[in-house]
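**Student:** OK, TrEMBL features for this one:
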type	residues	note
DOMAIN	2-133	domain 'Glycosyltransferase RgtA/B/C/D-like'
TRANSMEM	6-24	transmembrane segment
TRANSMEM	55-71	transmembrane segment
TRANSMEM	78-104	transmembrane segment
TRANSMEM	116-135	transmembrane segment
TRANSMEM	177-198	transmembrane segment
TRANSMEM	210-229	transmembrane segment
TRANSMEM	235-251	transmembrane segment
TRANSMEM	258-279	transmembrane segment
Amino acid sequence: LRLYSAFFSLLLLYFGYLLVKILFQSSVLSALFTLLLIFSPGLIQISHFGTTESLLSFIFIVNLYFLIKIFQKPYFKYFIFSALYSGIALGSKITALFFIWPIILMGLYKKQHLSTLFFILLLSFIFLLSSPFNIININDFISTMRYETGIATGAIEVFYTRQFQNTIPYLFQFTHIFPYVLGFPIFIFSLFGIITFIENCKLKIVNYKYWMFILIPIFIYFVYFGSLFVKWTRFMSPIFFIFPLFATLFISRLKSRYQLLVTSICILPGLLFFCQYFSPNPRILATNWTNNNLPENSAILSESGNVADLKLRPDINIINFDFYTLDNNYENKIQLDNLLSTVDYVLIPSRRVFKNQNNPLFPYSQNYYQTLFSSNFKLIYQTKNSSESAEETFTVFDFPTIRLFEKIKN
C-alpha cells in the first residue's frame, strides 16, 4: 500500500507541474510550485502512509488538468485518460465521485455528448472491475456507506471522533490542519497570495478563466467537507495543493532578491518533517528507554484503543484499560482506582485520550488526568513533543508524544 501511495504522489507532482504551467505560462514558476508541493509536510505524510489519500489527491489534480485541456481542445483521449484514473479512484473510495462531475459538465458544455457518455461508461466499467464486491454485496455496501456517513456527520457517535466536539467548521481547518500540513510559512504566504489574486483579478494574472476552473471545484469541495462534524486531516488532503499554488503566486510578485529567501523559508518545515523519518520512531525510542530503565517485574497502566502498544520485556506487566468507556458508569472508575493502587507506572501512548477527555464532559477522565499530572505522579520520560495542537491524526500515527509517569504515592 505504501508503494501505491508513493507512486500516486509522484504522479501528483507531475500533473501538478503540468497544471500550474498552464496557469502561469512559466516553467520556472511551475517548478517553484512543485518544489513547495514536495516540501509540504502533509503531502510528505500521505505519500508515506498506506492510505487512499494520495490517490484521491492525484485524481483531483489530474481531473482539473484534463478539465482545462478539454476546454482548450476536447480531444477524445482526454476523456479516456480521465475515466481510467477516476475509475480506479472510485473503486478505492466512493468519495472520488466528487472529482468526476467537473469533467462531465465540461464535456456537456463543449457539446461532446458521445465523449461524455463514453467517459461515464468507461468509468463505470473500471469501477466495477476494480471493486466488484460493492455491487455483488450491494446491501453491505449501502450499509457501510450509511454508517460512515453517520460518523462523518456526527449522527453516529464513536470514541475516535471526540476531538471534534464543540469545534467550529472551517475555522478548525484553518487553525488545526492547514498550518501544520503545509508548514506555517507556506500557509502564511499562501494567504498573501490569495490577497494578491483578489487584487489583480482579470488585470495581471494570465489565464484567469483557468484559475476559475480550479478554484470553483476546490471551493465547493471545501464548503461541503469542511462543514462536516468529522474534520480529519485526510478529508482536506485533495486541496492541499492550492496553498503552494497561491504561495507561488505571491513569491512571483516579489523582487528577485527576496524570492530565494522566501522559498527557502517555505521549504524548511517540510525538510525538517522529512528528516524525522531518518530517526528512530518515538515508539521504538520509548520501548528502548523503558526496557533499559524500568526495574524487573514492573507494572504499567496503559490505554487500550490508542496507538500501537510498545514491545516491552516479558517481565514487565502492561495493563491496558479502556479509558474511552471510563465515564460510562461508576464501576469503571472503581476498576481504574483498583488498578492505580497496584501499578508502578502509567503510560500515555499519545494525546488521543487525554486531550479529548480532560474536560467536564468526562468527569472521571478529567479527575484521573488531573491526578496524573499532579504531584502524585512524576513524569520520568517523554519523547519529542509533536504538534499536539494539530488535528490528532496528523501526529498520533506517525510521531506520537509518548509519556511515562512513575507513581510517587497512592
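Here the Cβ of each residue, glycine as well, is placed from N, Cα and C on the backbone.
Please treat TrEMBL annotations as automatic predictions, because they have not gone through curation.
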**Student:** State the mean pLDDT for the domain 'Glycosyltransferase RgtA/B/C/D-like' (2-133).
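**Tutor:** For the domain 'Glycosyltransferase RgtA/B/C/D-like' (2-133), the model's average pLDDT rounds to 93.
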**Student:** Quick one: do the transmembrane segment (78-104) and the transmembrane segment (210-229) reach 3+ CB pairs under 8 Å, ignoring pairs fewer than 6 apart in sequence?
**Tutor:** yes
**Student:** Answer yes if the transmembrane segment (55-71) and the transmembrane segment (235-251) have at least three CB pairs under 8 Å among residue pairs 6 or more apart in sequence, and no otherwise.
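**Tutor:** Counting Cβ pairs under 8 Å (6 or more apart in sequence), the transmembrane segment (55-71) reaches the transmembrane segment (235-251), since there are 3 or more.
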**Student:** Could you give me the DSSP helix, strand and coil counts for the domain 'Glycosyltransferase RgtA/B/C/D-like' (2-133)?
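**Tutor:** Residue counts for the domain 'Glycosyltransferase RgtA/B/C/D-like' (2-133) by secondary structure: 114 helix, 0 strand, 18 coil.
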**Student:** Give residue numbers and ranges for long-range contacts of the transmembrane segment (6-24): same chain, 6 or more residues beyond its ends, CB-CB under 8 A.
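**Tutor:** Sequence-distant neighbours of the transmembrane segment (6-24): 30-31, 33-34, 37-38, 43, 46-48, 54-55, 57-58, 61-62, 64-65, 68, 206-207, 210-211, 214, 241, 245, 248, 252.
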